[in-house]
Amino acid sequence: MTDLRFRGAVSPLSRAPGGATLRRPDQKLPRSVDALVARLRPEAPLHCIRPATIEGAARSFLAAFPGETLYAVKCNPEPAVLRALWRGGVRRFDCASEAEVRLVRNMFPDAAIHFMHPVKSRGAIREAWQRQGVRDFVLDSAEELAKLREETGGGEGLGLVVRLALPKGGAMYDLSGKFGAAPADAVALLRAARPHAQKLGVSFHVGSQCLDPSAYSRAIALAAAVIREAGVAVDLLDVGGGFPVAYPDVVPPPLPAFMAAIRQAVAAEGLSGLALWAEPGRALVAAGTSVVLQVQHRRGDALFVNDGVYGALSDAGAPGFRFPVRLLRDSAAPLVACSFFGPTCDSADHMKGPFLLPGDVAEGDWIEVGQLGAYGASLRTAFNGFDRAGIAEVADPPLLETPGYELGKAA
Ligand SMILES: *Cc1c(COP(=O)(O)O)cnc(C)c1O
């Protein structure tokens, strides 16, 4: 025992065993999911990235949002995804760890990187500040402010963004419990941070897959009250992420409804002079990846498939998201409501769906599951040894369209 080792995690997929064989650049692979599966007959989950869809979603969002768009890297850090976002015009990235900062900096030397995790290690702050050119940091406590001041050595050019806690709102994932300063603490933090910040901001996050545009209006009103109370000049307002996409049982209000709510609230609260930022994750990348599964066993209407909640389908487990599915062969059989069991030995590796598939679905069939680009690949684990997955880029349209993203569709 002489040296200390750090072990890498599974994602991004480019480093996954097995993935490499499917992305050899000399290998001319078909650009449609059906042809790809016919050629490869994959027994491991096959992630099908749709660069044109991701690029289009980025263009739509950038065109609709009245400010700067920061992509939340944690949502999907796959390099092919990041490249598609860049082609779609994304130049700013919301990173939450040293590894995310490094990944983005290595890929895009000119990107603006914002370190938006309210609790950072001192080493991560130093690395970001000294070596990776990061200038903007989020905080939600006086202790973090002290850390940032110390580790940036006084911080010429420092941007400080105070994360405001929100009351529990209308999002499917509520994030109000962990981060953010209560309004009175945020007031004190803004006052304390002002002398040390070249740029001072307020941020919040309404929670992921937020279906209610008025959640943004309420949060903006709260931010405005905090800013007024603080009585110091504030330069920017960051409305966070949370913008929703369609799932089989969810048709969200269209993107312009969210933008209208944000514009109106900003104007009504007298915040029009502030720069506006947003940190979308899901909205930019959800439609951009599907995963092709293989059925290994059928028991009643439960299908034992080769990926599950410890793989790319964690949202289909306990959170119970439904995803669009399609059988990869012709069948005239009427649809039945199926559930999935994943490959691990844990009985929690179960996805109740229902996933509507032709009644003759059987062992050996391939099923494409759509809308997995957000928090799918990025949440994979190697539990039980089931971390093999392939990755390929396809030109297929997404399995589901989300209203408001038509604008950016590739011409
Ligand atoms: C996760 C996260 C995001 C992205 O959220 P989505 O719901 O994917 O848009 C943005 N900002 C913060 C602070 C986050 O934690």
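Heads up, the Cβ atoms here are built off N, Cα and C, so glycines get one too.
Caution: TrEMBL annotation is automatic and unverified by curators.
Here is what TrEMBL says about this protein:
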- Cys345: active site, proton donor (ACT_SITE)
- 53-286: domain 'Orn/DAP/Arg decarboxylase 2 N-terminal' (DOMAIN)
- 291-373: domain 'Orn/DAP/Arg decarboxylase 2 C-terminal' (DOMAIN)
- Lys74: N6-(pyridoxal phosphate)lysine (MOD_RES)
Averaged over the domain 'Orn/DAP/Arg decarboxylase 2 N-terminal' (53-286), what pLDDT does the prediction give? 95
CB neighbours within 10 A of Lys74 (N6-(pyridoxal phosphate)lysine), counting all protein chains shown, number 19
Compute the C-alpha separation of Cys345 (active site, proton donor) from the residue listed as 'N6-(pyridoxal phosphate)lysine', stating it in Å without decimals. 27
Can you break down the domain 'Orn/DAP/Arg decarboxylase 2 C-terminal' (291-373) into helix, strand and coil residue counts using DSSP? 3 helix, 36 strand, 44 coil
